[in-house]
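Remarks on the structure that follows.
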């Protein structure tokens, strides 16, 4: 064998080994995410739906749960996509010729972006509708009852839904792009239809993030306050615990001996009051057992971190708005080739990259908090071991829409300079200056408004409670109803 043939063979072997290595790494990453999501979903599913007398119903619910687990794993992968790419770029910059990180390259990152895009399309368009129709189906009339009959009905329903959505998107694309090519795009299903449909879904997710993230940023302060032990400077915990235990014992006595009282009792109301008192007592015991560091330092530091992260997010978006007016390069754009390890995507180097990753995760958590806090989606909030299968499907779809829009959301707001890879950068609306500019301005305005309205009121209430001023005898003139009552007396 001649020398050129040996060189060609060695190059082919190297490409083959790199491709196999990328497949193994991608499979291991997905398997890890899948296991984590399966453990997470089993904590929220309703056990009665999987232990029913009808084996067909239990089998259908198990299949639907596996599809939801797959979708949630893709959603988690979409969340980790941009932070993993930013960190990988900084690692390659710091260790360019390290033997142990040769597996980390641009081809792997680009492949992960393409896989997330592909499976996001697959989950949103096929798997989740299939799971929903599968759980709701009963089989065609006259057919044999069982899983196979439900599969036939689900496939027919899914085909009809696919034709309906395909026709609607084709008509919409023909109206928007009024030319012959757009009308003939129905035949170019893979290259035009799916990216266009996913572009619409991504735009919907970005709009949803625009609404939920400012609301979540404002709600993060109250949510963190519920999770941490708040400082109380002028209060006696022992006295509050004694009063709570006394009230709980009195309510328990009334529930156990309802005949001892001559008034009619609302047992449901008494049970709710008892549950509230038990919850309050548990919180008081938690605060009593907390250390002085947790009581006096942990809560203020957490509030300060939230305030710094929120203020930094608004500041970065404000700077990005100015850059949009000055420099055309600030517009989000796609990048077909992943050229990693050449230049840092932050002006502050590795520290700036870490800040970008922290901000991306913080905004994603805030958007989820805002999503479940909004009145429109509050009914979707999952409950521990009491979430129906259809509700799990709805949660997985919403989380996938939010998470798949996170890379576009972060790049549109200028939180990172990392350009969108693969089909994520092919969205037509990303090149529209007015959409991007108005989106940034709306985010900055809504976030500032929510913070000013919520944070100031929360801080004022917390300071009043911290110093015990809420229990002080206030002047009667501050309360109109009370003043009128005293005047009548």
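Using N, Cα and C of the backbone, Cβ positions are placed for all residues, glycine too.
According to Swiss-Prot, the topological domain 'Extracellular' annotation covers 1-21, 88-114, 176-196, 327-350, 410-431, on the basis of sequence analysis. As annotated by Swiss-Prot, region 'LCN1-binding' applies to 1-76. Per Swiss-Prot, the feature region 'Interaction with LGB' maps to 1-59; the stated evidence is similarity to another entry. The annotation transmembrane segment is assigned in Swiss-Prot to 22-42, 67-87, 115-135, 155-175, 197-217, 306-326, 351-371, 389-409, 432-452. Per Swiss-Prot, the feature topological domain 'Cytoplasmic' maps to 43-66, 136-154, 218-305, 372-388, 453-489.
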Given the cut-off of 8 Å on Cβ pairs that are 6 or more apart in sequence, determine whether the transmembrane segment (351-371) and the transmembrane segment (67-87) share at least 3 such pairs.
yes
Could you tell me what the rest of the chain brings near the topological domain 'Cytoplasmic' (136-154), counting residues at least six beyond its ends with Cβ under 8 Å?
56, 59-60, 130, 390
Would you mind listing the long-range same-chain contacts of the transmembrane segment (115-135), meaning Cβ under 8 Å and 6+ residues beyond its ends?
26, 60-61, 63-64, 67-68, 70-71, 74, 77-78, 81, 150-151, 153-154, 157-158, 161-162, 165, 194, 197-198, 201, 389-390, 393, 396-397, 400-401, 404, 422-424
Take the C-beta pairs under 8 A between the transmembrane segment (389-409) and each of 22-42, 67-87, 197-217, 432-452. Which stretch has the highest count?
67-87
Tertiary contacts of the transmembrane segment (67-87) (same chain, 6+ residues out, Cβ under 8 Å):
29-30, 33-34, 36-38, 40-41, 109, 112-113, 116, 119-120, 123, 127-128, 130-131, 338, 340, 345, 353, 356-357, 360-361, 364, 392-393, 396-397, 399-400, 402-404, 406-407, 410, 416, 418, 421
Which residue counts does DSSP yield for the topological domain 'Cytoplasmic' (372-388) in the helix, strand and coil classes, in that order?
5 helix, 1 strand, 11 coil
Which residue counts does DSSP give the topological domain 'Extracellular' (88-114) for helix, strand and coil?
19 helix, 0 strand, 8 coil
